[in-house]
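Novice: Structure in structure tokens, see below.
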Amino acid sequence: MNECHYDKRMDFFYNRSNTDTADEWTGTKLVIVLCVGTFFCLFIFFSNSLVIAAVITNRKFHFPFYYLLANLAAADFFAGIAYVFLMFNTGPVSKTLTVNRWFLRQGLLDTSLTASLANLLVIAVERHMSIMRMRVHSNLTKKRVTLLILLVWAIAIFMGAVPTLGWNCLCNISACSSLAPIYSRSYLIFWTVSNLLAFFIMVAVYVRIYMYVKRKTNVLSPHTSGSISRRRAPMKLMKTVMTVLGAFVVCWTPGLVVLLLDGLNCKQCNVQHVKRWFLLLALLNSVMNPIIYSYKDEDMYNTMRKMICCALQDSNTERRPSRNPSTIHSRSETGSQYLEDSISQGPVCNKNGS
């Protein structure tokens, strides 16, 4: 019967996997990785919070697609949290961690990836439902969208917890991987292959939908300009989604390939030398998504810009002396109109700075 090592610290497993964490995380490389990672995380928290707030405040975004887009932003926000936790529990500190704390560290990263991937799959279903009917938005109810979002997070949390639940190498040291010293190589193979397979499926689905919409758009009569403009609207959303999917595949595939090579026990692949740079590349995906949303969607860009504008103006107003009562009274007369605009179009900034 194999001996289990639940009470060991991580230095026991790192030493057996010949992973010298202390030497790798010193000097210039450590400073670069931590500085870039910190900047990425701050931007992730700020930009993805803006995306979520934009969807909440702007009625134009109160549709299934944008609710799912906000959930993808929430997954990116969670990825930032996971990376912050990683930065405080990595390098020389890694060897001092308990098994449970290391499981938590890695589980957060696995959960963030699964949440993003599952959310993209749900968006693919939503886009398929709407575009096959040549509609901008699907007829999913808010209740169904909420259930789908809950399902995404339930799957993500479960997948992140699978190694903790038993699929690990604590009782079979010879099966341990190198990059994840208490993950069994069989689990790494399963996890990476399933994710890569999901990538290929999503790419195939989106390419099929894209070609379908393009074919339908090209056969429309040139005399029905109104119909053309309505039918091209789904294509705009599709281009946004495909750009997001492309960025996701580019940023995550190298890291997954490295994990797969480690799972296959490739001794000559030198996976230890590239793992942190590929992790930064994966984190870059959460940085890129809000930029893609705002660049591809003019309404999203305008809403986010107005929110920043309003926040800056509110900050400046607090530093200024109060205005005279007549000015305040004249502004209050238009208050209801501003309120109405803010509900229908998102935050409204007053150009006069009041």
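Cβ coordinates come from backbone N, Cα and C, glycine included.
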Novice: Is THR57 annotated in Swiss-Prot on the same side of the membrane as CYS171?
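Specialist: Result: no, THR57 and CYS171 do not share a side in Swiss-Prot.
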Novice: According to Swiss-Prot, N-linked glycosylation site sits on which of ASN139, ASN172?
Specialist: ASN172
Novice: Out of 32-52, 68-88, 102-124, 147-167, what stretch is closest in contact terms to the transmembrane segment (187-207), meaning most Cβ pairs under 8 angstroms?
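Specialist: Out of the listed stretches, 102-124 contacts the transmembrane segment (187-207) most.
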Novice: Around the Cβ of ASN172 (N-linked glycosylation site), how many other Cβ atoms lie within 10 Å? Please give the count over every shown protein chain.
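Specialist: Around ASN172 (N-linked glycosylation site), other Cβ atoms within 10 Å: 14.
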Novice: Taking 10 A as the limit, how many CB atoms besides its own sit near the CB of CYS309 (S-palmitoyl cysteine)?
Specialist: 15
Novice: Summarise the topological domain 'Extracellular' (168-186) by DSSP state, stating how many residues are helix, strand and coil.
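Specialist: Within the topological domain 'Extracellular' (168-186) the tally stands at 5 helix, 2 strand, 12 coil.
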Novice: Please give me the CB contact count at 10 A for ASN15 (N-linked glycosylation site), counting all chains in the structure.
Specialist: 12
